[in-house]
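**Student:** Attaching a single structure in structure tokens format; questions to follow.
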Amino acid sequence: MNRALTVILLTLALDAVGMSLVFPILPGLLRELAGADATAYHYGALLAVYAAMQFLFSPVLGALSDRYGRRPVLLASLAGAAADYVLMALAPNLAWLYVGRVLSGVTGASMAVGTAYITDVTDEPDRARRYGQMGAALGLGFVVGPLIGGALGEWSLRAPFLAAAAMNALNLLLAWRVLPESNQHRTAALEVVKLSAFSALHRLQGRRPLLPLVGVFAVVALVSQVPGSLWILYGQERYGWTAWVAGLSLACYGGLHAVSQAFVTGPLVARLGERRGLLVGMAADGLGFVLIGVATVGWMPFALLPLFAAGGLALPALQAMLARQVDEQHQGELQGTLASLTSLIGVGGPLVVTAAFAATQQSAPGSVWIAAALFYLLALPLLFSRRAREGESQPTP
């Protein structure tokens with residue numbers, strides 16, 4: 001692995017540590033500031049505010065990275081995240097928390113720019129493997145972050161935010177000192193139209209081979225709103241998890257995910273081909289959702305974590321399929337558009353998911369998970385369409 005890949009993967013891992021530090025304690029902080037009855041609503045609303053800002057600004061940052069380079073945009077993202085966590089650590093009321101999430105969403109470009117960076121420095125046949133390694137780096141971050149956040153949260157609900165700010169400041173220093181620029185094929189000019197989130201989605205109509213795959217991406221992104229919105233909230237409300245147990249669950253999830261992404265995803269996608277790899281990932285994820293929906297004891301979700309780790313096969317395979325459809329000069333635009341689509345789905349997704357959970361919490365608490373598993377079926381007609389099959393990599397014998 002070359003130096004550029006090593007540094008960007010380390011940068012993304014540290015970014016994930018900072019992000020996941022606060023997950024175990026956010027519901028507790030909301031109970032303190034808003035009361036127990038409003039926790040689920042504000043938890044979903046904070047996720048939606050972040051996603052709305054991501055939707056509006058991800059295309060801007062993706063286009064800026066195509067024009068000016070990945071490095072300066074990533075540095076700005078890390079600086080914004082550090083400032084955001086300081087603000088949230090000092091938040092005396094809910095309004096401050098919402099302002100902090102707005103700032104974080106505006107500058108939160110690390111995933112889109114990181115994916116474009118890896119695309120820049122990786123040959124096409126190796127991209128699924130490299131995307132898997134990126135998933136492993138993020139998974140490793142999600143091992144360390146929740147453990148630290150859960151431990152600090154037992155002492156103070158504000159301490160994880162300060163730790164996250166320090167982690168992002170350290171990450172900023174590391175990236176500034178050692179991260180090289182990757183984009184050697186910059187666009188000649190910055191087109192104002194590319195800065196609009198809505199025009200970025202509209203331009204997908206001009207890339208018709210992409211549309212079925214983008215539809216599959218939208219389904220995967222929508223389904224991912226369920227664990228993203230519910231994992232901690234569901235564990236604490238249904239099983240009575242403490243902040244420490246919640247952090248431990250995320251750490252175990254991240255650890256298995258990292259191992260799967262680092263050692264299984266690349267070889268398995270190469271063996272199966274990208275489309276079959278995507279199908280295997282969705283099937284594993286869907287089965288895990290059904291089983292957690294009927295799980296009644298707090299240790300059971302831990303036993304299902306290997307299935308969710310296998311589900312992580314889906315996204316790298318899909319990302320490789322999408323990246324093949326776009327030339328090198330527009331990878332940042334593609335990743336920014338996909339991030340924007342994810343964020344658009346993320347605006348309503350957390351609100352719907354948390355509201356559905358609140359409505360069914362007493363009568364059928366696991367029904368949201370089972371509904372998410374069934375939703376994967378919508379991706380199948382798109383995935384098997386003729387356009388989606390064009391340019392697909394072939395499995396190795």
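Note that Cβ sites are derived from N, Cα and C of the backbone, with glycine treated the same way.
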**Student:** Transmembrane segment per TrEMBL: which of the ranges 10-31, 98-119 is that?
**Tutor:** 98-119
**Student:** Against the transmembrane segment (159-179), which of these stretches has the most C-beta pairs under 8 Å: 73-92, 131-153, 277-297, 366-384?
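**Tutor:** Comparing 73-92, 131-153, 277-297, 366-384 against the transmembrane segment (159-179), the winner is 73-92.
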**Student:** When only pairs 6 or more apart in sequence are counted, do the transmembrane segment (210-233) and the transmembrane segment (40-61) reach 3 or more Cβ pairs under 8 Å?
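**Tutor:** Between the transmembrane segment (210-233) and the transmembrane segment (40-61), contact is present.
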**Student:** With pairs fewer than 6 apart in sequence excluded, do the transmembrane segment (366-384) and the transmembrane segment (40-61) have three or more C-beta pairs that lie under 8 Å?
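**Tutor:** Result for the transmembrane segment (40-61) with the transmembrane segment (366-384) is no.
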**Student:** Need a quick answer: max count of Cβ pairs under 8 Å to the transmembrane segment (131-153), which of 98-119, 239-256, 277-297 is it?
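**Tutor:** Result: 239-256.
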**Student:** State the residues, same chain only, that lie 6 or more residues beyond the ends of the transmembrane segment (73-92) and have a CB under 8 A from a CB inside it; answer 'none' if no residue qualifies.
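**Tutor:** Same-chain residues near the transmembrane segment (73-92) but 6 or more away: 11, 15, 18-19, 22, 33, 61, 64-65, 99-101, 103-104, 106-110, 113-114, 117, 158, 161-162, 164-165, 168-169, 171-172, 175-176, 179.
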**Student:** Six or more residues out from either end of the transmembrane segment (334-360), which same-chain residues have a Cβ under 8 Å from its Cβ atoms?
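**Tutor:** Hits for the transmembrane segment (334-360): 40-41, 43-45, 47-48, 50-56, 58-63, 65, 105, 109, 111-113, 115-116, 119, 197, 200-201, 203-204, 214, 217-218, 221-222, 225-226, 228-230, 233-234, 322-323, 326, 367-368, 371.
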